[in-house]
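Asks: My questions will all concern the structure given below.
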């Protein structure tokens, strides 16, 4: 994986949300197809686990993106805005993950991702139709 592969992680929040939403819909479609074939999809591709998206994004940004952008910023200081953008998005994802955890612990939600996800515009579609990417 290269920093170019991770470029959406430092983009402004709304752009990052759009990219993550598109990528996750592709993952969920693959997971849906695997389920139709009687296979168990990876948890990241299992639409029924969409409520874990904020937590998964926090893990991904902390373990992959921040180390990558930190290294690049040490070598090329002019790329510091990339690192700062990734940290800003990490903070937003962490807030969503914390909200999801709180909802889970208080049993406010009944195994659904829509409450927290609707706050971030990343609610997984109820059907298996692909949503067109916005330009």
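Using N, Cα and C of the backbone, Cβ positions are placed for all residues, glycine too.
Since this is a predicted model, take the numbers as computed values, not measurements.
As annotated by TrEMBL, Zn(2+) binding site applies to 5. The domain 'PDEase' annotation in TrEMBL covers 1-100. Summarising the annotation, TrEMBL assigns region 'Disordered' to 113-135.
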Asks: In sequence order, what residues of the same chain, 6+ apart, have a Cβ less than 8 Å from the Cβ of the residue listed as 'Zn(2+) binding site'?
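Replies: Residues satisfying the criterion: none.
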Asks: For the residue listed as 'Zn(2+) binding site', name the DSSP secondary structure in the helix/strand/coil scheme.
Replies: coil
